[in-house]
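Peer 1: One structure follows; several queries about it will come next.
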């Protein structure tokens, strides 16, 4: 590999001839004037115009929703309440069948565990709402079916509480 520098000694070492003219910064003559011409090319009709090589800019990302937007009339509170009602209705019926205790007795026996389960389910239901993700359809499990089942579970859980409150005994 040869290293070429603009110094006279490097030219000599590389086998170049010695140039006897003075260095450009020692000249006293006026610099030459250079004229510059601007030329424009004509469009050739046989060639297509150049295509835009840069891709279009990506669409702007939507801002994260606020708590007011998520908890408004967008459906998130109804989805959360429906999921909690489905969970509570099935868990209460299962516990009543196995122990014979009413819902209020079950709540009095394990309030911390029930409250923790409801908080975890609520938080898990809020994550997709804040990420602006819509529910995906998977076979018969659609967002509309979940909403309908949640509404029926809310009605069923409320009816079970009313029945147990009036009768004073467990449903099963």
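The backbone N, Cα and C atoms fix where each Cβ goes, and this holds for glycine too.
This is the feature table in TrEMBL:
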REGION    41-66  region 'Disordered'
COMPBIAS  46-63  compositional bias 'Pro residues'
TRANSMEM  112-131  transmembrane segment
TRANSMEM  152-171  transmembrane segment
Peer 1: Checking distant contacts: for the transmembrane segment (152-171), what same-chain residues at least six beyond its ends satisfy Cβ-Cβ under 8 A?
Peer 2: 81-82, 85-86, 88-89, 92-93, 96, 100-105
Peer 1: So if I exclude everything within five residues of the ends of the transmembrane segment (112-131), which remaining residues of that chain have a CB under 8 angstroms from its CBs? That is, six or more out.
Peer 2: 64-65, 70, 74, 76, 79-80, 83-84, 87-88, 106
